[in-house]
């Protein structure tokens, strides 16, 4: 719905059009989305439950994993339920303020995801390079502070998006060719100058993604140097094995992000819009789905406790299991 004011067009609501060009296949597209969402919710809620109740998992590595699981739950829950409503029930309307709120949550928690992956890289660096000082460096107080700082970084950098979007005048309709309210997808409906939005969006991507990737790269460079210097092959293998789950999480998170970023800028006319939309959804859905699976398989402590729970073992030393 659009209301005409004296000076500009004021939007009351948007229409999310789903995956453009594949409207007839929305029901089929919904099945993998729904399946991955269920796996993501069960897996991440299960990890949080296990980390909370299992005393042996009250360690820095698992606290960061709990942050990642919380972030993943909010990130995919901000988009997938609405996408499924579009696919199944054709409920495409979304209020203007609701759209801004969804945009805020999506961009804040994708930034949080990147930040937590960076913190987990630093955790692996301290664990491998300074094992004797690990518990004294990464205390609960330090973990809480860096976690809060990562969250506030996302909030403070993303809040301007909502004001930059709200200030615009909209006169190009209210149909968004997407399954959720992406910042630039909304801004492109404006008849005003969106250069500030585009520049600020690129600046935030560099401040968050660029900084985090740089820290991850430096951390793993130092880790590689430390591991290579070890004399024992078993010690090297053990050190590398503690990083495999985190490396997989980085790959699942950043690969679709890089594809989406570069395809929009260099392949916008050759890659169909439907591909952009599907990749954008995979970017928000793949990490929450795969992270609990990878950590459940690759982390011995978590794997052993899950096996004990599934087998009904009664010798688990915890409060609630």
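Positions of Cβ are set from backbone N, Cα and C atoms, glycine also.
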Which range of 3-26, 27-50 is transmembrane segment, per TrEMBL: 27-50
Long-range environment of the transmembrane segment (62-89) - Cβ separation under 8 angstroms, sequence gap at least 6: 16, 18, 26-27, 29-30, 33-34, 37, 40-41, 44-45, 47-48, 51-52, 102, 105-106, 109-110, 112-113, 116-117, 119-120, 123, 140, 143, 147, 150, 179-180, 249, 281, 284-285, 287-289, 291-292, 295, 301
Recorded stretches the transmembrane segment (101-122) and the transmembrane segment (27-50) touching, at least 3 CB pairs under 8 Å: no
Contact between the transmembrane segment (198-227) and the transmembrane segment (239-257) (3 or more Cβ pairs under 8 Å, separation 6+): yes
Non-local residues, at least 6 beyond the ends, that sit with Cβ under 8 Å of the transmembrane segment (239-257): 68, 110, 113-114, 117, 120-121, 124, 127-128, 209, 213, 216, 220, 223, 226-227, 230, 279, 282-283, 286-287, 290-291, 294-295, 297-299
For the transmembrane segment (27-50), sequence-distant contacts whose Cβ falls under 8 Å of one of its Cβ atoms, 6 or more beyond its ends: 19, 57, 65-66, 69-70, 72-73, 76-77, 80-81, 83-84, 87-88, 278, 281, 285-286, 288-289, 291-293, 295-296, 302, 305-306, 321
